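To keep things clear, I will list the structure first and then write my remarks on it.
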Amino acid sequence: MGMENTGFWIFLITTCVVPGINGQTVEMDDGKSGYVGSKVDLRCRFINSSPPVKISQVTWQKLVNGTKQNVAIANPSLGVSVAPPYRDRVTFKNAAVRRRTPTLEDTTITFSSLRLSDESTYICEYTTFPAGNRENTVNLTVYVRPTTQMSLSSPTLVARSSNLKTPVATCISANGKPPGTIRWETKVPGEVTTREYRNSDGTFTVQSDYVLVPSKETHRETLTCVTSYNEEVFTDSVTLDIQYEPDVSVDGFDGNWYVNRENVQLSCQADANPAVSLYQWRLINGSIPSNAEIRDNVLTFKGPVTYDLQGTYVCDATNSIGTRSGSVEVSIIEKPLPQIATGDVISVIALLLAAGVLMGITITVLVLKIRSRKDNSSNDSPSRKLSQPIRKRPGDEIQHSGRFYEELPNTADYVSYRLACNKEDYPEPYSPPINPPLSFLPQHPYHSSQPTTATSSSSTTTSKNTFSPPSHTTAIFKYPSVPGLSSPPPGVAAYTFPKEQYV
């Protein structure tokens with residue numbers, strides 16, 4: 001019975017005390033970072049249990065190649081000590097740690113004047129009684145801002161006829177950690193070559209060259225290097241200084257050098273870098289006239305113009321890069337060319353512009369009218385077309401002597417008689433057929449045959465297929481006999497055509 005009570009109390013102590021003993025924790029950040037030369041705090045805080053345990057010592061250590069090196073120690077009895085390599089740069093941030101009766105629950109340390117060699121894993125270890133040791137770790141990352149430098153790849157860039165690609169500018173992001181990235185901003189087409197180097201201290205150097213063919217067109221163009229590092233952006237620019245041979249042309253001859261004209265001259269124009277240092281004039285297949293005077297790039301002919309001035313004049317321009325030439329063919333005419341006043345030229349141009357505008361407006365109006373007529377004709381309905389008045393031929397009003405011709409039936413009238421006469425009261429079965437049989441029309445209107453006597457006692461008629469002028473002047477349409485249908489209703493008279501035509 002006594003043994004059972006003893007076991008019960010051991011179980012009770014284990015379940016109540018041991019969880020408290022194992023409840024201590026060390027709180028630290030997952031990671032910290034800082035730049036070389038800056039200050040950074042490494043947080044370490046002890047969470048005690050209830051009942052609390054006694055803190056005997058706190059030790060900060062640096063993990064180097066798998067081994068632990070002491071950095072700083074805080075002991076309630078012995079006080080605070082810092083290892084010599086860190087003595088001037090590491091302190092306990094909480095002043096309570098440095099008191100005679102210290103409080104060691106918060107033993108955060110501060111690194112000042114951070115160095116690249118400080119990058120490592122740090123351990124904060126608490127020694128307690130009776131729980132033993134409790135520790136945690138934090139990774140310290142040290143960044144190094146790179147230095148950016150940009151320059152021309154060569155102090156002298158020369159445009160050559162070989163068109164070889166040459167590095168013209170270099171941008172360097174040196175000694176950075178992590179390495180920076182470089183890109184170029186410019187209007188000049190070219191190529192980019194980039195190389196990355198790892199330095200002995202763990203930093204990186206990135207070099208980027210801009211490659212192109214040096215030419216006159218790229219002279220004084222701007223190249224901008226943009227370096228990005230940890231969301232920081234640095235820019236630097238250079239202006240290209242491309243040296244090239246002179247580009248030469250000769251001005252002054254206007255095509256109107258006539259005999260006895262005074263004060264004519266030729267001017268040698270050269271675009272060069274560096275500037276032209278020497279101008280030379282010469283005449284192909286001849287010598288410069290004696291009345292010519294040379295002053296730098298200007299060749300002046302004194303006195304009246306004569307035919308002796310004709311020829312091809314050449315100007316040679318020289319700079320430190322080379323010599324190039326320009327020429328002009330001079331011809332002499334007997335009489336001056338007619339001159340057109342500037343005001344007359346402006347007037348002619350204005351008239352041409354006005355004529356062009358008027359022509360454009362006229363064409364636009366004509367096109368719109370044609371389109372409008374086409375739209376109107378396409379929108380006409382068949383009934384509208386049928387209701388239009390019939391135009392008479394030129395011979396319709398002519399009366400021929402001795403004869404009077406009856407109008408020939410028109411098939412279109414058979415179709416439109418209801419519209420023309422508003423015969424809406426006819427029942428649908430008695431409407432005239434759309435396409436009446438051909439036998440209802442006269443077959444031979446101009447050839448009469450022998451008359452025959454009809455059964456009717458009141459009148460005589462012609463044969464069915466013959467025609468003779470009747471005694472009346474109106475064309476009468478008789479409804480055809482359709483099998484199965486009765487005669488028209490009482491009171492409905494035969495249809496009379498509205499007009500007559502003569503042929």
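A Cβ is built for glycine as well, from the same backbone N, Cα and C atoms used for every other residue.
All TrEMBL annotations are machine predictions without curation.
What TrEMBL annotates here:
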SIGNAL    1-23  signal peptide
DOMAIN    19-141  domain 'Ig-like'
DOMAIN    146-241  domain 'Ig-like'
DOMAIN    246-331  domain 'Ig-like'
TRANSMEM  345-368  transmembrane segment
REGION    374-404  region 'Disordered'
COMPBIAS  393-404  compositional bias 'Basic and acidic residues'
REGION    431-503  region 'Disordered'
COMPBIAS  448-471  compositional bias 'Low complexity'
Using DSSP, how many residues of the domain 'Ig-like' (146-241) fall into helix, strand and coil, respectively?
3 helix, 58 strand, 35 coil
As a quick check of your reading of DSSP, tell me how many residues in the domain 'Ig-like' (19-141) are helical, how many are strand and how many are coil.
13 helix, 67 strand, 43 coil
With DSSP as the reference, give the number of residues of the domain 'Ig-like' (246-331) in helix, strand and coil.
3 helix, 47 strand, 36 coil
Across the domain 'Ig-like' (146-241), average pLDDT on the 0 to 100 scale:
94
